[in-house]
Amino acid sequence: MPEVQYGSIKRSNSDPGFHQSDASDNTATNTTPLQKALTLSDNHVAEAPPRRLSFALGRRSSSNNPSSSGNVAPTSPGTTKRKGSIQVDEAPPRKSLSYALRPQAEAYYDSRAATRTEFKRRGKTLEEYYDDNPELLPQLPFTWHHGNRRWRLWFFAFIVFVDASAVPIALYYGMKYAGDVQEYIIFIIVTTIWGGPTYLEFAIRTLRLMKKERFYRPLGTTNRWCADMLTWASALTITVVTTLFIVGSAPHDTWLRVVSMAAPSILWCYGGVLLAITLLYRFNIPAPFRISSTAKGGKVLPGVYYFIEDTLAVNGGCGAPYREALAARYRASPRFREMLYEQSLFWSIPTLIFAAILTVIAVIPQVPENWSYGVCWVAPFGFTFVWGLITITWCKARMVRERLEWEAGEFPRKIPSPSEKSVPVQNCDPVA
């Protein structure tokens, strides 16, 4: 067999599927270049190119393909394989930086389980599925690498930054120093337009929880008036921020330091809720009331667990399947439980410390009002961005270690207590 280049098609005297023409003959000929490169036997001449013929990519061999058996031996990547009367190079396997060194594994999760259609017609919950297959590491039906849901979350985060940080800064300094507008007029405008996307998103997620179908609701409840933890935390934050805006901008002589406290109050509210839930978990205190999928009197989980669960299930549109998969992952993987507890401490304590620093900057007279306003409105979002980058790197390393340890079987698979398992609710349950 003559030497063949990768991805090319060659003719050979020994190949009955091709007729060799004299390559050294430079005389004029009536055949086109395509007919020179591809001439079929059996009294059939190709007058037009085939409908599907890839000159750049070869075909992969398959042991299950009937055309690969017979007189043709299995080929390795980069070698030549005959298919019919055409001699085609075999393409090398596709390389991936993420999966090149990962052993081949069977797919055991169907991403359709996160859709509302699959949710209505499925036979069992994801928790029940992983209970029946304890050797599998539960997978979460959401990824930041592909899909449309991720773009909605990224867009919402960008809009919140523009609305809650860029707009108050631009309006205040632009209208005060460039337009010479009085402060009370400036903050009438800021208070009117501030938080529009946030209020809209809050209304949308509240309506989703109140729908007759229970796709977005916390696990273990059929009450359509049962709000999740993030709804209560967001309601508290919106109330505090709006109150500070109204009180600070109501007087004719605006209380700029009170308005400056609106942004740090966001850190106080979310950080305080996160730390309070984490302390309940740390000291093994039963839930005083329902916290998302944890019923009253149940075992409280780390605070970050509920923020992740509620954000992805409602704002991300993943619904109850994500809540079930997250609960199954938490119960199955000790490394995952350890990571969530670490992230709860990593976000709650520094957030409150940073909020205290901004509060001091906002109220002490040594810092000018104009400076304190700018710092207090920019710093919280810069802090969140930096902490988010650290969290991404940290969690990626933790989850790689979790997968390797799971495959090696180096730790127990399930927690002994069943109290952390959410109570599955049948799809046909009546709605309160």
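We number each residue from 1, going along the chain as drawn.
Quick reminder: no glycine exception, Cβ is built from N, Cα and C everywhere.
According to TrEMBL, the feature compositional bias 'Polar residues' maps to 10-42.
Annotated compositional bias 'Low complexity' per TrEMBL: 61-71, in sequence order.
For 1-93, the entry in TrEMBL reads region 'Disordered'.
Annotation source TrEMBL lists transmembrane segment at 153-172 (among others).
For 184-204 (among others), the entry in TrEMBL reads transmembrane segment. With a cut-off of 8 Å between Cβ atoms, the residues of this chain six or more beyond the transmembrane segment (184-204) that come close are 156, 159-160, 163-164, 167-168, 171-172, 175-176, 231, 234-235, 238, 241-242, 245-246, 248-249, 251-254, 259, 315.
Tertiary neighbourhood of the transmembrane segment (225-247): same-chain residues 187, 190-191, 194-195, 198-199, 202, 205-206, 209-210, 217-218, 255, 258-259, 261-262, 265-266, 268-270, 273, 277, 290-292, 306-307, 309-311, 313-314, 432, selected by CB-CB distance under 8 Å and a gap of 6+ residues from either end. The transmembrane segment annotation in TrEMBL covers 225-247 (among others).
According to TrEMBL, the transmembrane segment annotation covers 259-281 (among others).
Same-chain residues lying 6+ beyond the ends of the transmembrane segment (345-365) with a Cβ under 8 Å from its Cβ atoms: 257, 260-261, 263-265, 267-268, 270-272, 274-275, 278, 303-304, 372, 375-376, 379-380, 383, 387, 390-391, 394. Feature annotation from TrEMBL assigns transmembrane segment to 345-365 (among others).
The feature transmembrane segment is assigned by TrEMBL to 371-395 (among others). Nonlocal intrachain contacts for the transmembrane segment (371-395), taken as residues 6+ away from its ends with a CB within less than 8 angstroms of a stretch CB, comprise 161, 164-165, 168-169, 172-173, 256-257, 259-264, 266-267, 339, 342-343, 346-347, 350-351, 354-355, 358, 361-362.
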